[in-house]
Amino acid sequence: MTEQTIPTLFQRYAILVLDLLLVLIVTAYTAALYFSHAGAAAALNSDSVMPYVLFDDLVRHRGRFDAWVFPEAPFWLPDQLLIWGIYAAIGNLFHAIYVYAVIQAALYLLAVRWILRLLHESHGRIVWLLWILIWLITTAIGATVESGWFQYFHSYVFLPNNHAGTYLGAVVGLGLLLRGQRRTDNTTLVFLAVLSVGMLISDRLFALQFIAPALLLVCLPGDQRWRRWRIKMAIVLASLLLLSEVIRRLCDYNFLGIHASGDTALWRGGGGAVMVTRDFATLASTDPVSASYEFIAFGALIWCCARAWHRRNAISIVDAQQKFAVLGVFVAGSILLPLVAVVVLARHTALRDFRYDQSLALSGVMLAILITPAVIAVWQKRSAHIIAGAIVVCAGILAATITLEPERLFDFHTSQLACIRQAQQKYQLHFGFAQYWNAMSRMAQIPDLVVAPLLPNLKPHAYLNLNLDWFAPSNKAAAPSFEFIEESGLDPALLDTAFGTPVARVICPESKLRIYAADTGLLARLYLRESWLADRRLILSGHTSVPAAAWAKIPAQARADTVVVAGHYAIPAVVLAGTAYKTSIRLDDWPAYGIHAPTTFIAGTPFDVARSKNIWIDYQLQAKTRDAGLRWKVFALDKSGASLRTLGSGNLPPTADADQRELLNFATAPQDTDALGIEVQARGDIDARVYALGWGNPP
């Protein structure tokens, strides 16, 4: 490449303004194009709208942050914070989705520009403009293909909560690394450390997309003048990586997200490699045009890496002959390390798992690097102007030839949502259930409705993106009364078995709504299917409560999620009964534990419920005769369900018309206790309502 004249300060600012305008045009068009096709569905799925649901819950509904269960990667930076700022300023979900897509895509393009300009002042901009042209064309082609390379690798730049923010952080981190290599100052080290801390808290993928490739880059042999700075950088990055892993192992704090579930064995017979190879072959056959581009771009990356290896004894990021070649080393590491990780850990199960390897998009930059010398040889000083003009012309041609339907984002599921809103007004609906991929989407578009997510087996989708207050309220005043279920994705026969027959059905365009009476007690019925809810609440906040109807000894006494005990009990009768285990067990294991009670509490580590003295009952009681009332008993059980000893008993005092929480006082359980049995007996003439039973540290 031949050297060009370095522009003046005024020219630099003029070029920057023009480039910003160019980026705005390109990203505004590509975002509109994406949402005109497959992007409408992707933008409104439950994962993508999660930041908006979280904002509505925390800010508009005054929900509690510590009630939320976040995924393994909670995506705090930049996804959540950027969306919250946009959503707070705009207020409209659909406008916020579009603005976020434009801003994140623009930040991505500008970050690549920054990197290339750091590598080479004049040629870097030409490479960047060539890459923008390539990116524009491939995006326009890919956005119209329902299942292709673009959808599974490149489209995430327009969406949150899909590791695109982490990828953007890796690009910005590379820019800081190159800037620090040029200046060798400690300020850059501080900025890079702060970025790394934020990104590692948000998404551990940052370690593979940036920290490991950066360590590889700074450890390459090079100019001795930069050796001390590279050593400091390597120490900082390695220390941050180690510290983040130690914190995750020692701390179960929900802010960091839950740990990855499932088997994490280091190798599974090559099954992951087979699935990755199969899915690459699928994309190559279904989208051959994009596949050809991807293979050529990756070939350019290999060439740059080979050149860096050939000149390894003279490599320096400030060496003009090796600047772009060394970039290829980082890009290769950022692509290959996540790919190897998903293969080794068998995290790749479907095409959508290619989202872990969005760095593949940077191979297009390497292709632009290869083309640049030929472009400069032909157009010389006019190269940048000609390419910029070509980008504008290309955008105009694409806009004229490919249909733009940005209103599709606004119209997606419109008829279904209108039907739900009508039912909401007619039946006064507030809380309901739906399959996960519908639940969050419905809440994002109908913010005054809570739609708790269920799995196909009708257990709560309680492992990520969930507010436990929807299922496990801290007190009876916050307890929701679920009134409807959206059938889409759920088995109607299984719904009948689990929740009973609805009082009404509303036929909507996409699925039916099942309407239930307020006294059905859907939440209590859910607890009969899944006690993990109480366990998770206890672990997160130190206390939990369960609807009393889930403990009802006589099902007929259950009203909604409350047990109603009214009448004359000449002979004392057990009205509530259940078992609280100190370690989690599956419902399928009940017979092995000799459990005959109709319901059960399940609590888990680190709280030892079998030795806990903090158990309470929320209730209301009016005793009509002197000897009437409610009497509780707590007793120790072994694994077979046999009683070891009674730990305590007592009477619940009358409450008149007020609700009351009674903390039960009982003896410490013996060491061989595996569970606590709890019973409440009614006697005499009483009018009582028991709302919930709870344990742990009272809120």
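Note that Cβ sites are derived from N, Cα and C of the backbone, with glycine treated the same way.
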Annotated stretch (transmembrane segment, per TrEMBL) among the listed ranges 234-252, 386-404: 386-404
Highest-contact recorded stretch vs the transmembrane segment (358-379), from 81-114, 126-145, 157-178, 190-217, 324-346, CB pairs under 8 Å: 126-145
Seg_contact(the transmembrane segment (126-145), the transmembrane segment (81-114)) with at least 3 CB pairs under 8 angstroms, min sep 6: yes
Best-contacting stretch, by C-beta pairs under 8 Å, relative to the transmembrane segment (81-114) and drawn from 157-178, 190-217, 324-346: 157-178
